[in-house]
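As given in TrEMBL:
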{"type": "TRANSMEM", "residues": "B:20-48", "note": "transmembrane segment"}
{"type": "TRANSMEM", "residues": "B:102-123", "note": "transmembrane segment"}
{"type": "TRANSMEM", "residues": "B:129-148", "note": "transmembrane segment"}
{"type": "TRANSMEM", "residues": "B:169-188", "note": "transmembrane segment"}
{"type": "TRANSMEM", "residues": "B:215-236", "note": "transmembrane segment"}
{"type": "TRANSMEM", "residues": "B:265-289", "note": "transmembrane segment"}
{"type": "TRANSMEM", "residues": "B:295-316", "note": "transmembrane segment"}
{"type": "TRANSMEM", "residues": "B:336-354", "note": "transmembrane segment"}
């Protein structure tokens, strides 16, 4: 019996002993066992699980069934020991007429936003939630769009008053000192928000007193769309549109992993190597952009770091274009493999990659000297935007943001997929917990990605077996009814997870995207409050948010 | 050194002009200076800035209109001047419209005191240096007007920063400039060491000869510390990187410029670039020997040095990140102020001992 299985049995007993009335049932999801909890006691169940080491709440997903709503919590265990990785799901079934579930936001602060999203899109109320507002849609929206009964044709009105600010009033009446504060709308159109983020900011002089990120300006109903498309071909182009700045391959892998796992589709080894190659090139491009835009946020001008990073990204972008025929919306992965074999002539393409990899160490030195060697930049980036590891875990931060706080959680390492297990690479962590650390993590990861790319190129160059790029996949993919699966991959920004609930047809019943940027943004107000306005902007840049992924 | 009017009088072989002619010749001189400066600013702001920044960042920049993109200058000018002037509804109209004019006027007027050399100096009062520095300080006023009258929170934050910054760096600027004044008195042997022409005259001779190669008596060699302090202060005074907080592209959208468009924007923009050149001109006059240099006429040397100053400022723009407001003020009050006073006292002390 493995460690994990034994732990599950022990947990089983612990929960039943301590909370006999909170447990309704035990269930088995495709990725992990599930605890079916009494909706009014679900916080206790999650708390027990947290005490037993499940310290990372990946996502909260709301699912509608004929006779009930379900609120599904995906918990993970992050420790230093890779063997110790484990998942567990908690399911809280709710009444079909008046769905209500007890909030777990007092157990995991990160649940706050996830529950708001579930409320917004599916209409499940979370009792005792500190801030039960809509999150993606405007406050005046009628209905909950992911419900079956939702009428897409009904007119919706969003008035300007809907955006009147609640914080302003709170700050103006609370006490006299607060009268000196100024309310400032940063965004949705602002040079530093990297897209369409609206920060409702209260400033005391230059110091940020309160900030409330307002998202949803780029909500394109990705989940809704995916639920109406078939697994085999139609969904695959959509992941490219989540994190759209060149991280498309990683997003596609997130979907491919989840459905291949659920429908038990094998991927030929050759295709797996190509997938890793494509993903890591994508990651290099995405991190280059992140480093460049961070510099842009601190400089506010077209500075050399930004230009150099963009130039290097362009080289990678061209390789990806050669591979997939597209610059950003790759649509390159297929279930059971990839769409095309490597571009011909292969040697020329490999030569291009090798040329880039040879130049990379010199370039990385230059980036390091530009970022670390610049006294003024260090003054700005060091010790600002402090994210303690405990806070980061509490909010479900992942990716370079978490690794910049010294926690070495990388899905590729703890929960390996594809070909990563066969390759040699390291997880990069810095424990400065500040803006500079997060950027240095990304620089380090570019180097690690380059190592992976090099190994993939070596393997592919000396490949003498069958070049099978796709396995035989059934004409229509129909995972068994009532099965569900949550898997994640390491996207450019962190744990990019997909939760698919199947109803036995060739379209998903529920398609939930766990976006790393969403959770990384949720922690933002903790980072920004008490900082100077300029540092808040720098912190926003160091979180590396892409709003296609936050809003979906 | 003579003023423009004296030079013209010399040329015509007359002793002096009647007040009316004096006035007219003065206007002509001012027009020449302003035209020269505007041309240089036009070239720098629209074309050179892009090309130079692109060079630093491995880009190409404008290259489609005319040879090396040079025709972008008339094209941009045409575009900017033909834009609709949009005045937001709630602004304080008087302040909003006056600020750009004042901004351009003050900084262009300041060039009157600059000894370009070759007889191109409009006014040379006995307190020229103080006048010039006063005009430099005046550049904060239109920024405040623009920021306050715009009724925009970003503009508001921008001008608040400008005020804090101007106050913090005013004193270091003046005091570091004053450090050269005792030297002027000594080298030019004059009782009017604040006169700008005297400042330049004092820097003409050789400081000391090393193996036959004379090092010129530029105050950057005699007063290197003051030169660095003055350079930093002038960057802060005119809000250039890394002290460009009133504009702060990534934080405040465009700071005090946020609500401006069309020709009003052009004037503010022009004032900004003129301010860089004015800073460069002051630096050249105070520390780089004004128009001193071999072969070429003095005015060419002077403008060349100013040009280099401009390129250095733009180079900073591409490579040095902006400081935070608290760091800026801390640096100004805690270090720069003390250092400039120390330098002034040291200069005075050394001269007192030596002489």
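Using N, Cα and C of the backbone, Cβ positions are placed for all residues, glycine too.
TrEMBL entries are annotated by machine, without manual review.
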| field | Whether the transmembrane segment (B:169-188) meets the transmembrane segment (B:102-123): three or more C-beta pairs under 8 angstroms | value | no
| Residue numbers, six or more beyond the limits of the transmembrane segment (B:295-316), whose CB comes under 8 Å of its CB atoms | 36, 40, 44, 48-49, 52-53, 56, 115-118, 120, 235, 240-242, 276-277, 279-281, 283-285, 288
| Which sequence positions outside the transmembrane segment (B:265-289), separated from its termini by at least 6 residues, show Cβ-Cβ distances below 8 Å to it? | 37-38, 40-41, 44-45, 80-81, 99-101, 103-104, 106-108, 110-111, 114-116, 129, 132-133, 135-136, 139, 142, 146, 177, 180, 196, 199-200, 203-204, 216-220, 223, 226-227, 230-231, 234-235, 237-240, 257, 302, 305-310, 313
| field | Same-chain residue ranges lying at least 6 outside the transmembrane segment (B:336-354) that approach it to Cβ under 8 Å | value | 169, 171-172, 175-176, 178-179, 182-183, 186, 223, 225-226, 229, 232-233
| request: Sort out the residues at least 6 away from either end of the transmembrane segment (B:129-148), same chain, that have Cβ-Cβ distances under 8 Å to it, and list them. | output: 92, 95-96, 98-100, 102-103, 106-107, 109-110, 113-114, 123, 155-156, 158-160, 162-163, 166, 170, 173-174, 177, 181, 194-196, 199, 234, 237-239, 246, 255-257, 260, 268, 271, 275, 278-279, 282, 286
